[in-house]
Amino acid sequence: MKIITQKTVDDLPEVNEQTVKKPLPSTESEPSELDYFLLASPWRIILARFFDIIIASILPLVLSITMVKWNPTYAIWGPILLIVITFIFLFLYFIIVPYLWGGKTFCKWVLRIKLICLNQKITFLALFVRETLIIFIPWLIELLFDFACIMIFKINIIDLFKNKTIDAPIVVVIMKIVVTFYFLWYLGLVFAVIFNKDHQILLDRQSKLMIVKIKPKEAVVTSKPVKKLINRDKKHVHLGTDQPGNLTDEALKEIDELT
């Protein structure tokens, strides 16, 4: 099944943006019924992901900042609880919500875009693989760094951002490496979205995933009732066809055209 993406669609000359041509199942006999989706601009995709990450990071960030209060002894259960809560929250927001909501997250919905899978519904596996590349791999690397700071060096990661004196200078070096990795990772994803002609990241092409604009709801057109032609076929019960004031068929046709 072929997918067509181009700047101008011959059949739709009024469309001047890249268009995804997605075959849809049809109950009619014609197999050529097509549904057209406009590709989302890369800036909408980037902004939606940026604000989605901010929203999804609020709860883990609050727990990390307040860990010194609810886990002052740096017990092992504290980081484990933080990891579990963070994973569940990210998993729900970036995988379960789009899977159940037709490829949309909150920020995608606000910016009127959504993730689609060509020729079929988005699968859970495709979403999981995609978000593993975008979210979970860099998060796991940052997680290992946080875990090392808390468990080995007994240092809260927030202390590094408060310019407090750190007894282990190697922690600062590792933190800079992790921050640089995080920056380069997402910068690479941004460039992939901008410079790819279909605005896809690495695995989207294999999974046939694309981010498109949400279609506006079509206005419901009420069909006008079909007028019945006036004719003289019906006979009167008592008078039959010999009816006083009965008009000719030509006169009835003229009256019908006037109405």
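The backbone N, Cα and C atoms fix where each Cβ goes, and this holds for glycine too.
All annotation found in TrEMBL is predicted automatically rather than curated by experts.
Taken from TrEMBL, the feature domain 'RDD' covers 40-205. Residues or ranges marked as transmembrane segment in TrEMBL: 46-68, 74-101, 170-195.
Sequence-distant neighbours of the transmembrane segment (46-68) (same chain, 6+ residues past either end, Cβ-Cβ under 8 Å): 78, 82, 85-86, 89-90, 93-94, 105-108, 110-111, 113, 134-135, 146, 150, 156-158, 190, 193-194.
Per-residue pLDDT, averaged along the domain 'RDD' (40-205), amounts to 83 for this model.
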